[in-house]
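Q: For reference, the structure I am asking about is given below.
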Amino acid sequence: MSDRPDRVHDQAASSSRDSMTSTPSISSSNAPATVPIRLRTSLPGCSIPYVPYMVPVTWRRSQLSTLVNKVLATAQGAGHEEASYKAVPFDFIVDGSLLRCSLDEYLEQRGQSAETTLELEYIRSTLPPAFKDAARQDDWVSSVDARHAHRILTASYDGIVRIFDSESLATSPPQSYTPAYASNVSLTSAKWLRNTADAIVTGSMSGTVAVWRVPGTETKSVPVLQAAELEHHTSPVSSIDVAVAATNASAERATIVSAGWDGSIALWDVPADARFETQEETGGAPGKKRRKQHGSDARPISSAIITPPPLMVLHHVTPSLGATAARALNTAPTPGPNARTIAALGDGDQRIWSAAWDGTVKYWDVVAGGGLAGRKQTDKVPLCLDPLQSLSLSSFTTPQLVCGHMDHSLALYDFRDAVSNAALAMSGAHAAPVSAVKVHPVSAHLFASGAYDGRIKVWDVRSPKQALFALSEPVSTSSKSSHMASSKQPRTKVLGLDWTPDGNALVSGGEDCRVCLYQGQAIGIEHV
């Protein structure tokens, strides 16, 4: 509103002062003490004059929200009826924390007087998502992917990938698929290759990364025979991430990044529809011309999938014994100490973010051939990460990364800052190790975290000292299920977490073998 005429500025300020005068029935001697405040916001179209407002020290969030709405209504109406303005609830951030008490209580806690001018930032208030539904599966849920509308993809330690319908989560059985390679192997991660819900990439405890197509709509467990196995990792795969780009009008390519307990990161380029080139092969000797075979001489003909090697391999933690030396010694490569690594893609497929149990956090420039572009060193053990998204028109996201740690903390790492390691440390964010973080798909300020304490929290980086709200996975999803845990059972670990594409719902899964859906409304909306 800085570009509004001065008369509108004066009218808005005058209206705000009028709204704060005591009613005639209250004598000035009994009027509450006042404190000067300044109000600012980053919400587009919601700024009010940045001038001191004298408000009663007894005011709380609701009265402050009324003040902002009154000034906005008067200024935006520019003399017209205020009835057309629709009030919006606001929250207020002071000194990096949401205001959850009266102004005088805040001043008392800080040992400040009412003469101090308080700087408050107002943001749109968000109601917490409410538990909507849940489904149970046979084993722990190791990861969830809710990026596809109305489809929830889960990986499980029983080696099965399941696809749930979010509209009928508890009532409709999931489509269940067992990749052929994972019949006796636990899956650690599963991601959609693209938004059409027909292609999937999985990671496993065996170190295999596999890309395959969903074979149909069966609701029973079926093997997937045409899985392209991407071979590199010599230890369990700890994380995978995917970015899709259109190379021409008819083809899409998917970039996959995988990270493992061996300390390495592999970057792969695959067809986004998971349709790989194949070559027919028989049981005959190689090099012989194939011919039609009959009778007892007939041998089975199969299609061998041509799988690509990694585009590049990065070592977040230098191996104690590398692949070349291991081959010379006729032994297996040996990872370095604390080599367990996680990774994610940023800026589409132009950056790779990674963190390892050795306490290092890095990002790599893929365009420059995988060169190390930034490094942070901490005394923490990272368990999960997700890059913050930028809503600007810039082609690059802000080089910031959210990490969850073994010591129950969260941290924001800003690679624009060459001095400090953690730009924002959030100690005691949970009561147990933080196992999952997920940045909001719409808002540049919000992210969610899940932990071994069974809690899910939503945070605003503008108010890092406390979560916006905390959710708990319900102990029982159905009163008809007698085998469910009792209400006295301690909370179980959250292992997977994701937002739906519109950012209005959270999906979680974990140790309790359940997939839970929490539905909200207008979460992360940055306008009025």
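Any Cβ shown, glycine's included, is placed from N, Cα and C.
The feature region 'Disordered' is assigned by Swiss-Prot to 1-32, 276-304. Marked as compositional bias 'Basic and acidic residues' by Swiss-Prot: 1-10. Residues annotated as compositional bias 'Low complexity' in Swiss-Prot: 14-29. The region 'Ubiquitin-like (UBL) domain' annotation in Swiss-Prot covers 33-124 and is backed by sequence analysis. Residues or ranges marked as repeat 'WD 1' in Swiss-Prot: 136-174. Taken from Swiss-Prot, the feature repeat 'WD 2' applies to 182-222. Summarising the annotation, Swiss-Prot assigns repeat 'WD 3' to 232-278. Summarising the annotation, Swiss-Prot assigns repeat 'WD 4' to 334-374. According to Swiss-Prot, the repeat 'WD 5' annotation covers 383-423. What Swiss-Prot records for 429-469 is repeat 'WD 6'. The annotation repeat 'WD 7' is assigned in Swiss-Prot to 489-528.
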Q: Do the repeat 'WD 4' (334-374) and the repeat 'WD 6' (429-469) come together with 3 or more C-beta pairs under 8 Å, pairs six or more apart in sequence?
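A: These two segments do not touch.
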Q: Could you tell me how many residues in the repeat 'WD 1' (136-174) are helical, how many are strand and how many are coil under DSSP?
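A: Each residue of the repeat 'WD 1' (136-174) counted once, the result is 3 helix, 20 strand, 16 coil.
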Q: Of the residues in the repeat 'WD 3' (232-278), how many are helix, strand and coil by DSSP?
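A: Output for the repeat 'WD 3' (232-278) reads 0 helix, 28 strand, 19 coil.
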Q: Quick one: mean pLDDT on the repeat 'WD 2' (182-222)?
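A: So the average pLDDT across the repeat 'WD 2' (182-222) works out to 82.
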